[in-house]
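Written out below as structure tokens is the structure these notes cover.
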Amino acid sequence: MTVQIDHALEEIRRFRPSPEFAANAVADSALYEAAQADRVGFWADQSRDLLHWDKPFTKTLDWTNPPFAKWFEDGDLNVAVNCLDRHVEAGNGDRVALHWVGEPGDTRDITYAELTDEVKRAANVLTDLGVGSGDRVAIYLPMIPEAVVSMLAVARIGAIHSVVFGGFSADSLASRIDDAEASLVITADGGYRKGKVFALKPVVDDALTKSVGDSVRNVLVVKRGENEVEWTEGRDLWWHETVATASSEHEAQAFEAEHPLFILYTSGTTGKPKGILHTSGGYLTQAAFTHKNVFDLHPETDVYWCTADVGWITGHSYVVYGPLANGATQVLYEGTPDTPHPGRWWEIVEQYKVSILYTAPTAIRSFMKLGRQIPHAFNLRSLRLLGSVGEPINPEAWIWYRHVIGGGSIPVVDTWWQTETGAIMISALPGVTDLKPGSAQVAVPGISIDILADDGTPVEGEDGGLLVITEPWPSMLRGIWGDPERFKETYWEKFGDKYFAGDGARRDADGDIWLLGRVDDVMNVSGHRLSTAEIESSLVAHPWTAEAAVVGAADETTGQAVVAFVILKASQAAQVTDVAAASEELRKHVAGQIGAIARPRQVFIVNELPKTRSGKIMRRLLRDLAEGREVGDTTTLADTSIMQVISDQVK
Ligand code: PRX
């Protein structure tokens, strides 16, 4: 079989849609034509089709004050009603919304009617706790149904959620709580991961002692891990004593389309994460549109599974808002892919007859390493569409995914987008577009992208440059929480009214787009964004560190890996005899300060860092070292002999 794949790689670079798939495909080429003819009108039509508006909008787009866009401005809707109540009212209350699978093996099937009731109960509790429209609620939960319920309950009452990934540390949580001035934190005692309970409530307690503000009035705690937790009377409440017993009568109010829906923090080029702000009507329109068309969703028959955590944007748009707005039935899984055995995901696919699977290249490459015998021990024939997100998928992984997981002939869609874009921007449409392994391909209908040279001139034909989005889109970020200047500076200063994505891209002879990775100091590790500056400041905060430089080095499995170069303070250097132990201590320190995902793969203790005459660290040269390559051009270094010294030290 391996031979066949290699052959496929060399010979077949394009796959035409199969006629059987195309015959039943949700999308058709008319979408491209309609969007081409009238882009703004196209989105208005999609929004009216896909969503329920309590007050229909008459204005589609206001772009008179770029970069501040307003979509469907004079329309009113309730996002949670769109994801829940209307499906029940349409007679689909008995449809399963969530097939939840806990890591230890416990399961729950929750119908749309049940999910609606639970969200109404939670909304009543939030209101009783004094949470109102526009208030911020931090959510720090494992992948349990209550995470989805919490997000929708917050949305239902017009409050704003800030979901913080459960792997982030107390410091990271505290800074996010403070930045958004959250009045409530929803958490769990703990959750399951790799066969063990990881504590969450103690991290929240710790974060609240670290928090510089005093915005948090209450902590609502789901019982999941059954681990011991401390309790602050008057502040802490159990979910099962409040939400479970609350009334499920709740009249939802409609909010303006531009009412804020959530803040989601993501890493930028500085040490401080950015609170990306999304609003209601435009976001939900594009999340629903792309979920339906890119994943070819047939809600009556499909079982959809997106493996992302709700702590990331993929979990927001393609676990919660897109699928639920479309009335999909989906799998929600709490744990890791290899617990209690390496075939756990494939067992779930077999058990629930998953038909659409959306995951990240890192996961695919990890499965590739383990070998096909693991997935092939299960019946995967229910799968009919595969998706990829978060990082470039190399053609080998694409082909393996299609052959070994997908049986050889089903579509694989590689979807490019960002926390900031809110929803998929570049992807093939299955059944319509030819598929090309390794390329994210074309802008989705209604989205305008281009590739520019550094001076802003469009790159013609087969060439590379910087990816931009040239026209406003419905699910675009509306700003950075509390920092309009940073919003303008980061995305709009470089090319005026064109959105600068921070990614390099190349156009091939067919006009397909290939993503080339970040062009700024943002790393992508396992599809997660990390900032070099944030990890450097964490390293420098350690009492031993004098200076630190961090690079993202190519990694076979995770795409990139964090590699740090640290100069110890002279007072410490003399005492540090065990360099390996010192590196380990610094790796742990970063994991403790930011979260395990930021733990460097390697920390090299060095005496020097390569700097230009103006004192700027040349990360490019460090990346060469970290990737085991010959060191590139060193002529701009203040001291050209430095690289030899460093390279001797990292051997
Ligand atoms: O560099 C691109 C990469 O991930 C970045 C966005 O990260 P984040 O906001 O965390 O969102 C990840 C999930 C949408 C982008 O700037 N990226 C995302 N998808 C792809 C990708 N790179 C290549 N191909 C993709 N399909």
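Cβ atoms are placed via backbone N, Cα and C, with glycine included.
Residues or ranges marked as domain 'Acetyl-coenzyme A synthetase N-terminal' in TrEMBL: 30-83. Mean predicted confidence for the domain 'Acetyl-coenzyme A synthetase N-terminal' (30-83): the pLDDT average there is 98.
Positions annotated as domain 'AMP-dependent synthetase/ligase' by TrEMBL: 90-481.
Annotated CoA binding site per TrEMBL: R193, K194, G195, K196, T314, S526, in sequence order. Around K196 (CoA binding site), no same-chain residue six or more apart in sequence has its CB under 8 Å from its CB.
Around P392 (ATP binding site), the C-beta neighbours below 8 angstroms that are at least 6 residues distant in the chain are P361, G438, A440, W514, L515, L516, G517, G559. TrEMBL lists G390, E391, P392, D414, T415, W416, W417, Q418, T419, D503, R518, R529 with the feature ATP binding site.
The feature domain 'AMP-binding enzyme C-terminal' is assigned by TrEMBL to 534-616.
In sequence order, E585, L586, H589 are the residues near H542 (Mg(2+) binding site), counting only same-chain partners six or more apart with C-beta under 8 A. Residues or ranges marked as Mg(2+) binding site by TrEMBL: V540, H542.
With a 10 A radius on its CB, K616 (N6-acetyllysine) counts 11 other CB atoms from all the protein chains. As annotated by TrEMBL, N6-acetyllysine applies to K616.
Residue counts of the domain 'Acetyl-coenzyme A synthetase N-terminal' (30-83) by helix, strand and coil are 25 helix, 7 strand, 22 coil (DSSP-based). Within the set of binding-site residues (G195, G390), the lowest number of other Cβ atoms found within 10 Å of a Cβ is recorded at G195. Taking Cβ-Cβ distances under 8 Å and a sequence gap of 6 or more within the same chain, the neighbours of V540 (Mg(2+) binding site) are E547, A548. Listed recorded positions near S526 (CoA binding site): G390 (candidates G390, T415, W417, T419, K616; Cα-Cα distance within 10 Å). Selection of the binding-site residues K196, G390, P392, T419 by a Cβ distance under 6 Å from ligand 1 yields, in sequence order, G390, P392, T419.
Looking only at Cα atoms, R193 (CoA binding site) sits nearest to T419 among the recorded positions T419, R518, K616.
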